[in-house]
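Participant: Below is a structure I'd like to ask you about.
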Amino acid sequence: MHLLINIIFLINIIFIISIIFIERRNPQTTWAWILILTFLPILGFIIYILFGQNITREKNFKRKILDDKTKQKYLNSFKSHYKLDNISLKYKDLIMMNFNNDNSTYTQRNDIDLYFDANSLFQEMIYEINKAEKFIHMEFYIFKSDEIGKKILQALTKKAKEGVEVKLLVDSIGNSIHKKDIDKLKAAGGDFKIFFPGFCKYINLRINYRNHRKILIIDSKVAFLGGFNIGDEYLGKDKNIGNWRDTHTKIKGLAINDLEARFLLDWSYANESDLDIDLKKYFINPHSTNLPNNIIGAQIVSSGPDHTEQQIKNGYFKIINSAKKNLFIQTPYFVPDEPMLEALRLAALSGVDVKIMLPGNPDHKFMEWIANSYFESLLNAGVKIYLYEKGFLHAKTIVADSSICSVGTANMDIRSFSLNFESNIFIYNEAISKSMEEQFFKDLKVCTKVTLESFEKRSIISRIGESIIRLVSPLM
């Protein structure tokens with residue numbers, strides 16, 4: 001046993017050397033790993049094996065080059081359509097940053113609907129799936145074989161039998177679809193893939209990198225993107241959770257092209273095959289006469305460990321810094337890095353009405369402690385913090401100055417910004433932004449406001465937990 005501990009300690013030293021001199025991570029993350037590998041050697045060793053290893057640089061660059069080249073094929077055809085309305089002109093620098101960092105095309109011919117409850121969303125999804133004529137592409141983090149999951153799987157299987165191309169991509173950790181349901185889909189002609197599978201059912205050394213996206217695209221006519229996964233709990237059927245508050249979008253128009261490109265890139269990666277895109281088959285022609293007439297500016301922005309930049313985080317950062325009047329944020333998990341924390345503080349100190357809404361009943365106690373560790377600094381700067389009490393808040397949204405908003409899969413935490421594969425839609429439109437604001441204020445009615453006075457009354461155990469877990473927050 002003593003020999004084993006010495007071996008683990010030696011390996012941990014090698015890990016530390018690699019983190020400092022080879023991986024060259026940011027100082028916060030580096031110090032967090034040094035602390036846990038040094039003072040908790042056995043636990044630290046296990047955690048590092050499961051959560052600490054970076055995807056190799058070779059894979060990073062290979063995937064990034066594929067991403068850039070593939071998307072550039074069709075992005076070139078959109079350049080002549082790059083026009084900005086008055087709202088979008090205010091955010092020209094954000095639009096250009098998203099384009100330069102992620103090849104995120106700015107489009108205007110879009111219709112966008114918002115969904116705040118799973119019942120109406122799932123009904124609409126099944127309705128659109130049943131109308132499919134050419135293809136259905138679906139990519140989800142969590143997909144369960146429960147009542148709603150089976151309904152959607154049955155709809156997919158039915159369309160596959162009719163000859164519609166059906167591709168279903170799920171995350172290896174989030175997936176819990178029964179094998180018999182997968183077999184039925186495949187037997188009907190559908191295709192099913194797992195993103196980052198482990199080398200056996202219960203062991204996955206790439207657990208640190210999750211495909212957190214929730215995407216559904218049908219015939220390039222309609223797409224869905226947002227925070228809802230597929231399962232009965234999102235319908236409020238889990239007694240331990242209760243009501244599930246989330247936000248999702250339904251998209252029609254040119255913005256679908258970037259979402260389709262993202263799906264195809266993820267699919268080819270999971271399929272371990274080269275990607276040969278048939279533009280006519282999967283993408284909307286920008287000259288089509290069937291495009292929506294609405295002028296709703298939008299960009300699909302994706303990020304992940306395969307990207308050299310943290311695109312969604314950078315987009316949030318620009319929105320926060322550009323806010324002049326108000327800034328409303330909803331996120332189930334709140335673990336900002338120092339630049340993001342300081343941006344929120346500076347916005348409030350500059351007179352911007354900054355409101356952040358978090359779950360009052362979090363699903364993980366340690367995530368509550370981490371979030372709480374940032375409260376005092378934010379409250380002192382004038383940031384208003386609210387805890388949602390009517391069930392669980394899972395929405396990932398940001399809206400500023402009644403003119404710009406973002407909805408998607410990314411939480412406001414280090415994991416979503418740098419480790420998970422995520423996608424958000426950035427919407428440059430007053431009507432959509434005001435709808436988001438209205439829902440935010442509806443949610444405020446069932447929130448508890450956090451004040452410095454009430455916060456200082458928390459228990460000693462909570463204070464100790466916050467202090468300890470804050471040290472490893474860069475790893476969360």
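Keep in mind that glycine also has a Cβ here, set from the backbone N, Cα and C atoms.
Sharing the features that Swiss-Prot gives for it:
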- His212: active site (ACT_SITE)
- Lys214: active site (ACT_SITE)
- Asp219: active site (ACT_SITE)
- His394: active site (ACT_SITE)
- Lys396: active site (ACT_SITE)
- Asp401: active site (ACT_SITE)
- 207-234: domain 'PLD phosphodiesterase 1' (DOMAIN)
- 389-416: domain 'PLD phosphodiesterase 2' (DOMAIN)
- 2-22: transmembrane segment (TRANSMEM)
- 31-51: transmembrane segment (TRANSMEM)
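In the displayed structure, how are the listed features positioned relative to their neighbours?
Facilitator: For His212 (active site), the same-chain residues lying six or more positions away in sequence with a CB closer than 8 A to its CB are Tyr141, Asp171, Thr409, Ala410, Ser416, Asn420, Phe421, Glu422.
Counting every protein chain shown, the Cβ of Lys214 (active site) has 25 other Cβ atoms within 10 Å.
Annotation for Asp219 (active site): same-chain Cβ neighbours under 8 Å, separated by at least 6 residues, are Ala132, Glu133, Lys134, Phe135, Ile136.
For His394 (active site), the same-chain residues that are 6 or more apart in sequence and have a Cβ closer than 8 Å to its Cβ are Gly227, Phe228, Trp244, Arg245, Asp246, Pro332, Pro359. In this structure, His394 (active site) belongs to neither helix nor strand by DSSP; it is coil.
There are 19 other Cβ atoms within 10 Å of the Cβ belonging to Asp401 (active site). Following the DSSP three-state reduction, the secondary structure of Asp401 (active site) is coil.
Using a Cβ-Cβ cut-off under 8 Å and counting only residues 6 or more beyond its ends in the same chain, the domain 'PLD phosphodiesterase 1' (207-234) has close neighbours at 50-53, 55, 115, 118, 121-122, 124-125, 128-129, 131-144, 146-149, 152, 169-171, 173-174, 195-196, 198, 241, 244, 246-252, 255-257, 259-260, 262-263, 266, 282-284, 300, 302, 304-305, 394-396, 407-410, 416, 419-425.
Away from its own ends, the domain 'PLD phosphodiesterase 2' (389-416) comes close to residues 87, 90-91, 94, 114, 116, 141, 212-214, 225-228, 236, 241-249, 301, 303, 312-313, 315-316, 319-320, 322-337, 340, 357-363, 422-430, 432-434, 436-437, 440, 443, 446-448, 473-476 of its chain (Cβ-Cβ under 8 Å, at least six residues beyond either end).
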Participant: Whole-number Å distance between the CA of Lys396 (active site) and the CA of Lys214 (active site)?
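Facilitator: Lys396 (active site) and Lys214 (active site) have their Cα atoms 12 Å apart.
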Participant: By the DSSP assignment reduced to helix, strand and coil, which category contains Lys214 (active site)?
Facilitator: strand
Participant: Looking only at C-alpha atoms, tell me how far Asp401 (active site) is from Lys214 (active site), rounded to the nearest Å.
Facilitator: 27
Participant: Going by DSSP, give the three-state secondary structure for Asp219 (active site).
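Facilitator: Where Asp219 (active site) sits, the three-state DSSP reduction gives coil.
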